[in-house]
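A short write-up of the structure that comes next.
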Amino acid sequence: MSFVDFLADLTNPQLAFLQRALIVAVLSAIICGAVGVHTVLRGMSFIGDALAHAVFPGIAVAFALGGSVLLGGAIAAVVVTLLIALFTQNRKIGEDSVIGIFFAAAFALGLVIMARISTYTGSLESILFGSLTGVQPGDLRTVAIGTVLILAALALAHKKLVLVSLDRAYAQSLGVRAGVMDVVLYLTIAAAVVMSVQIVGNILVLALLIAPAATARLLTDRLLPMMLIAPVIGSAGAFFGIWASWVWDLPTGGAIVLILASLFAFVWLAKAASQVLRRQA
């Protein structure tokens, strides 16, 4: 199948699920790109992985009850996010330790729940690795509204988030409530993860959150351009990942992540080569 055939399939009313999958993938990439910049800036890649695992029990319960995967994941993410934010206020316990405990416990709970469901195998694969057919019409509306709300929250809290990320003590001396900003960041990460799980999958969603932001970080040191470049990179990876998944019958999440990882490697090598040439000049 050629690229032109893929574009034709996108306009085919009988393949509406493909259109929905592409739109949700691009919206998820935009959100993950914007949120990912703050995550990379703060050195919190681990929490993205933790929250990706933390939503698993909510998704499992939603599947068992025949409910909305997005709603189930969102509830689980909010609960775990608030618990992490609460426990990390005690600076005697490292943030990474608290996150590690909660994400492991949440993922284990999800596995136990899925093990009690007799017909879980096929759906478990789509939950873990993503699926083109997993996006329902109602999910598209929910993701679109979520995208607007998350971007608005990031815009309103942008200055305070950056200040806390760069110098927490100085931010607190200016009256910024660092704990509140922690919750805002955790919730936006959780929301980005929940919206992306259906396309990329529970295991690989971290790459959609981190890879575009890390690639943008290689291309510029300025924060605003970084926040514009990362969503573009993520959207491109999502589009061509959906194309590869459709044409060659590949796991959707795996295709998207491999494209994003390849782009990161290419930019890193190009950057390294340019630095070597600059030294030799």
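Here, residue 1 is simply the first one shown, and the rest follow in order.
Using the three backbone atoms N, Cα and C, a Cβ is placed for every residue, glycine included.
Going by TrEMBL, these are the annotated features:
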TRANSMEM  21-41  transmembrane segment
TRANSMEM  61-86  transmembrane segment
TRANSMEM  98-120  transmembrane segment
TRANSMEM  140-157  transmembrane segment
TRANSMEM  169-193  transmembrane segment
TRANSMEM  199-219  transmembrane segment
TRANSMEM  226-246  transmembrane segment
TRANSMEM  252-270  transmembrane segment
Contacting positions for the transmembrane segment (252-270) when only residues 6+ beyond its ends and CB under 8 Å are counted: 21, 25, 129-132, 199-201, 203-205, 207-208, 211-212, 214-215, 218-219, 233-234, 236-238, 240-242, 244-245
For the transmembrane segment (226-246), sequence-distant contacts whose Cβ falls under 8 Å of one of its Cβ atoms, 6 or more beyond its ends: 1, 3, 6, 9, 18, 21-22, 25-26, 28-34, 36-37, 132, 199, 208, 211-213, 215-217, 219-220, 252, 255-260, 263
Other parts of the chain folded back onto the transmembrane segment (199-219), taken as Cβ under 8 Å at six or more residues beyond its ends: 21, 24-25, 28-29, 32-33, 35-37, 39-40, 45, 48-49, 52-53, 55-56, 59, 126-132, 134-135, 189, 192-193, 225-227, 229-231, 233-234, 237-238, 251-254, 256-257, 260-261, 263-264, 267-268, 271
Best-contacting stretch, by C-beta pairs under 8 Å, relative to the transmembrane segment (140-157) and drawn from 21-41, 61-86, 98-120, 169-193: 21-41
Contact set, same chain, for the transmembrane segment (61-86): CB under 8 Å, 6 or more residues outside the stretch: 47, 50-51, 54-55, 98-99, 102-103, 106, 113-114, 116-117, 120, 123, 127, 134, 138-139, 142-143, 179, 182-183, 186-187, 189-191, 193-195, 197-198
Same-chain residue ranges lying at least 6 outside the transmembrane segment (98-120) that approach it to Cβ under 8 Å: 46-47, 49-51, 53-57, 59-61, 63-64, 76, 80, 83-84, 87-88
